[in-house]
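Student: Could you have a look at this structure, given as C-alpha cells, before my questions?
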Amino acid sequence: MNSPIRLILKWAGPDRKYLIAAVVFAFVSGLMAMVPYYGVYEIMKAAYEGTCTWEVITSNALVVAVGVCIQYACFGCAGALSHKGAYNTLFRVRCRVVDHLAHAPLGQLDERSTGSIKTVLSDDIEKLELFLAHNITEAIMYLTGPVAAFIFLCSVNVPLALATLVPFAAAFVVMGVIFKRMAGVMPRASAALSRMNAVMVEYVRGMRVIKALNMGSKSFRRFQSAVDEEHAVWCDIARKTGPGFAAFVIIIECGMLVMVPLGGFLFSTGAISGSTFLLFAFVGSLYLTEIRLLQEIGSKYAQVKSGAIKAQELLDLPAFAGGAPFPAKSDVRLENVRFSYDGTREVLHGVNLAVQQGERLAVVGPSGAGKTTIVELVSRFYDATEGTVRIGGVDVRDLDYDDLLAHVAVVFQKTFLTSGSILENIRMGKRATLDEVREAARQARIDDFIMGLPRDYDTEIGTLGERLSGGQRQRIAIARAILKDAPVLILDEATSAADPENQVQIDEAIANLCAGRTVVIVAHRLGVVRTCDRVAVVEDGGISAVGTHDEVLAACPYYRKAWADYERTRRITFGFGAAAAEAEPRQRAASDSVHRAAAQPQGASSAPAQAPSSPTLDPAPAPASASASTSVFAKNRDFSVSVACTVIEGLLSGCNFGLIFLVMQQVFSGAADFGTLLGFTGALALVFVLRLLIYGYGYVRGQIGGAQVSRNLRQYLGDKIKRIPLARFTERSSGDYLNALTANVNDYEQILTHRTGSVVKDITLAVMLTGFVCWLYLPAGAVVALSFALIVPAMALSWHQVRRYGTRKSDICAANTSRTVEHVTGMQTLRAYGIGGVKNEAIVDSMREYSDVSFWYEAALIPLGAVMSIIVGLCQPLLFLMCGAAYLDGALGAVPYLLIIMLPLFMNKVWNSIFVNLTAYKNLMIAKRRIQAVVDEPEEAGSFDALPATGSRIELADVGFAYCKGEPVFEGLRLTCEDGKLTALVGDSGCGKSTALNLIAQYYRPARGTVRIGGADTAAYAPESVLAGVSVVDQNVFLFDDSVMDNIRYARPGATDDEVREACRLANADGFVRALPEGYASRIGENGGRLSGGERQRLSIARAILRDAPIVLLDEATASLDIENELAVKEAIANLLAKRKTVVMVAHTLAIVRGADSIAVVGDGRVLEQGTHDELVAAGGKYARMWAADRELA
C-alpha cells in the first residue's frame, strides 16, 4: 500500500493545482515571517554600535511593514486555495468510495456494519481535510521561515547557528518517540471509535425495541461499554503520548537556555560582539518557536494516516468491472454453481438450473437451503465460487455490471425506501414522467392512497419510509419494479404485507408485469407456485426437483411435506383453545415451567394485571431544565487543573522576557560577565523545568478531562434519547440524534480541551505584556493595548460569519449523516436500481452540499483573519517609528526601546492565537446548541409508578392521531379489547392497524381521546410503566449485534441461562441456535443480519415468552416467512399464548384469526365493524369481502 501522504495527494487529482498554488503562497508567507526578525536585528545592531539614525529606523520599519502585508496576504491566499483543494478532494474521495462500494460484492460489505462504513465516509475521510487544508501549507510556512532564519544566522556565526538547533534536535527525538507510541495505539483507537459509531447507529435505529424492553442507556450495556472503551483508549493515549507532546512544545522554546550561557561565554571572551550575542539570545531562540506549531501537525498526523488507511481499505475491496452489454436474450442458467459466503462453509453445491426466456419459475425450499443465494448470484450481488451463472448465454461476470443491473429488476422481501418523496422512490433510477409513475402505482394498487395524501406524490415519507405501513411500502417497491420494466424480474416474497383484497389485485398486476419476462420468484407462500410455469426445490444447497407443481408434488418428498404443512398453516387459527388443536403438543407441555420460572424472581402475584417478569423501571429523569442542562456540560476537575496549569505555564514563559531584559541591560551597560550570565541561565533553567513539569501534567489532565466530558455527554444523551417520545423520531431525522452523539460531542470536547486553556493563557499573557510595555514606555503600552483591543471588533465580525455559515454547516452535516446512513443501509436496493454509487443523485448532492458549505465557511473567515493580522502586524513598524523617535530624543533608553520592538514578534502570535481560539469557541457554541437541542427535547410524560390497572382490558376511546400534521390516521377511533381475550385487527394495508398497537404500547400518544388499560388512563403514566406489562412482537424485528443469549435476555435481565434456553425452545428457536458456531454465545450481526427472517422472528417471540407479560401485541408476526418458518413461528406463537392473556393481533392472513374472540375491521380512521368471524362473515360487510378474497388466494 502507498504511504498515506502519497495516497492523499493521489486522490487530490485535478485539485492538486490548488494545493500547489497554496504551497507557493505558503512558502512566500514563511519567508516573509522572518522579515521582522531581520528588521529588529538591524536596529539592535545599529543601537549597540551607536549608528542608529532615523533613516535606519524608517527604512527597517518600511521593510517590516511590506513584509507583514505580503506575509499575511499570502497566508490568506494559501488558506483559501488549500481549503478549496481539500474540500474538492474530500468530495471526490467520498464519491469514489461510494461508487466503489456499489460495485463491491455484498459479502465484502456484510462484514462491515452500517456504523463502521458511515464512520469512514463521514469521520475518517473528514480527517484528510487536516492534511490537505492545513498540514501541507502550515508545514511549509513553519519550516520555510526558520530555515531562512537559520541560513541568515549562519551568515553571522556558524557555530552559534548550529547551537540553535540543539532544542530542535531534542524536540524531534521526543517527537519520534511519540510517533512510535502513537503507531502502537492508533489502530486500537480507530477500532474503538468505529465500534462506538456502529453501536450508536444501532442504538438510535433500535429505539423502538429499547423502549419496549425498558433498555435505557444505563442498562444498555453495549452502548455504555462502547463509550467507555473509546474513553479508556483515549485516556491511555493521553497518558502515553501527552507528556511527550508537552515536552516537545517546551523544549522547542528553550533556545534561550542554550544561547545565554554559550553566547555569553563567547561575548565575555570577545569572540563575538554584543549585538551578535543579543541576536542569538533573542532572535536565535525565538525563531524556532515557529516550529512549535508542527507539534499540532504531528499530533494529528496519526489521525490523518488512520483516515487514509480506512478509506483505502474500502477502495481495496474487490469490485465488479465493466464488460459486455446485456444480451438480447434473457434466459437464466446456473451451471454447476458452488458458492460460499465466508470461504469455508459451502452454501450451494453444484447447482444446475435453467430458466427459459419468458418463463416464470418458483424457487422453494427450507430456510437456509440457498434460495436467496441463487437469486443473489443471478443479480450478481455475489459471484459464484465455482461454476457459471449465465444470462442470454453470457457469463454474468463478463457483462458490464451497471448494464446488468439496469436489466434486472428485484423486489426484495425487506423493502427499502429513501427519506425522499413517494415520487422519487417510485422512479428510483429512472427518469420517468409523473404519468408513467402514476400508471405503475395504479398497477401496484397504491395510486388512490397516494392521491389522498395532502401533497400526493410529493409527500415526504420519512427515514426509510417510516411514515408508511408495511403494505404501503411494499406496494411502492412493486410500483418501482413495474416502472423499471426490466427483462429479468426477481421477486422475493414481494406481497407478504398486503391485505387480502389488495393481494388479489397486486397478484394480477404482477401477472401482467411478468408477461414476456424471465421471472424468478422466491416463494414463501406456496400458493404462489400455482401461478408459475415450473417449480424448483432447493434442499441442502442443491436442486432436488424441477418441474410443474403436480410433477414436483409427485416426485419430491420435501415438497409434498411442505405442501401439506402449507395446507395445515391455512387451517391454523389463533385463539385460546383454538391454537391448541393445531400447534405441536410437544411444545406445549413445558410452557408452564418457563412462566413459573419467570415469575419467581420477581415475586409477582398471579393476578392477570401483573407482569410477573416485569423489569425494574428506570427512574424518572430530572427535567431538562436550565440546571439539568448546566450539569450535562459541567467541567470536571481534570479540566480545571489543565486550564490552571496552562495559565501558570504561560506566565512562566512570560518571565523569560524579564530575564532577557536583564541580560540586555548587562550587555548595553558593559557590565556583563560570564558569572552573572550563568546566574541568569540558572533562572532560565528553573523556569524551563517548572514549565516542563506543569505543562506536561496539565496537558495530560486536560486530555483525560476532555475524554471524560465526551463520555459524560454521550452517556447523558444516550439516556436522554431513550426518553424522547418515539413520535419525535418520525417528525425529525434520526441523523440529528446521531450527529449530536458523534460529531457535535467531538467538536465540543475538542474545542473545549484544546482551546479553553490557550484562550485563558493568551489573554493573561496579553494583559501581562501590555502592563510590561506600559512600564517600559506608556505610549508604546497604549499601542499594544490598542492592538489587543482590536480582538473585539475582529471577533464580532468572525462570530457573525460563524453564525452565518457555521450553523448552516452543522445542519447540513446532520442531514448528510442521515443520508449516508440511509445510503449504506439500502445499498442492495440502490444498486439493484442502478443508483448504488455516484448515480445516486441524493447522496452525491448531499456530499457536495456539505463540501461546498464547509469551503464557504472557511472562505468567509480566512480573509478576515488575514486582514486583521495585517493590521495588528503593522503595529510593530509603528512602534519602530514612535519609540524610535523617543529613543533618538533621549526620552527612551536603548534597552527598553529594543525590547519594545522585539515583543511584537511574540505578541502577534498571542493575538493570532486568541483570534483563532475564540473563533473556534463560536463553533463550540454551535455544537453545544445542537447538543442542547437534544437535551431540551420533550420527554415522555407521566409517572414511572406501576400502572394501577385492574385486569388487562384495553380501551381506546374517541382517539385522534396523526404522524404528520394534516395527515390523520384516526379520527374518533373506538376499540375495546377484552381482558384475557384475543382481539384481531384487520383491514387494508395502511389503515392504521399497526398504529393502534403503537398507541396501546404508548410508543405514540393520541392527539385526543384516551387509551385505558385495566381501567387506568395511560396518559398519566410514562410509556415504560405501560410497557412493563406488555410484550411486543413486531413485523419488523430488530436485533442487536450481540449474542443470541443477550438479545433474548434483554426482555428480562435477571433471567438465568436455562430460562433463556427454555424460552427459545418454546419459540422453536433452540434447534437453529444450537447449530450456530458458538450456540447461544454466537453474535448475530447488525440487526441479526446473520439469521434468516424466520429465525429472527422466532428470537423475537422468545423474548416475548421470557418476558411473560399479561398483554401481548402481535404485529403481523408471520409475514414474509417460508413455509417451514411460518409453521415454526405459528407454533411458537401458540406457545406464547399457552396462558390466557389479553392479546391484540394484527393480521393480513385472515385464516389465522378466525378463531379470535373478537375481530375489529379498521378503516377510514375508525373501527368499521367488530365481532366474531362468523358474525362478520354473516354481516356481508368489509370483512366478508376480505374473507372471500382470502379464500380466492388460498
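Counting begins at 1 with the first residue displayed.
Using the three backbone atoms N, Cα and C, a Cβ is placed for every residue, glycine included.
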Student: In TrEMBL, which of the ranges 130-152, 889-911 has the transmembrane segment annotation?
Tutor: 130-152
Student: Of the ranges 271-289, 1145-1163, which one does TrEMBL list as transmembrane segment?
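Tutor: Of 271-289, 1145-1163, TrEMBL gives transmembrane segment for 271-289.
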Student: To what whole number does the mean pLDDT across the domain 'ABC transporter' (954-1189) round?
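Tutor: Computed over the domain 'ABC transporter' (954-1189), the mean pLDDT is 86 on the 0 to 100 scale.
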Student: Among the recorded stretches 20-303, 641-923, 954-1189, which has the greatest number of Cβ pairs closer than 8 Å to the domain 'ABC transporter' (332-565)?
Tutor: 954-1189
Student: For the transmembrane segment (855-888), name the stretch out of 61-82, 158-179, 784-802 with the most CB-CB pairs under 8 Å.
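Tutor: So the stretch in question is 61-82.
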Student: In the same chain, which residue numbers or ranges, 6 or more beyond the ends of the transmembrane segment (784-802), come under 8 angstroms Cβ to Cβ?
Tutor: 766, 769-770, 773-774, 857, 860-861, 864-865, 868, 871-872, 875, 903, 907, 911, 914-915, 918-919, 922-923, 926
Student: Between the transmembrane segment (20-41) and the transmembrane segment (271-289), are there three or more CB pairs that fall under 8 A, provided the residues in each pair are separated by 6 or more in sequence?
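Tutor: Since 3 or more Cβ pairs under 8 Å link them, the transmembrane segment (271-289) and the transmembrane segment (20-41) do come into contact.
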Student: Quick test of the contact rule: Cβ under 8 Å, at least six residues beyond the ends. What residues does that give for the transmembrane segment (674-694)?
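Tutor: Beyond its ends, the transmembrane segment (674-694) has Cβ neighbours at 246-247, 250-251, 254, 256-257, 260-261, 264-265, 268, 645, 648-649, 652-653, 655-656, 659, 662-663, 666.
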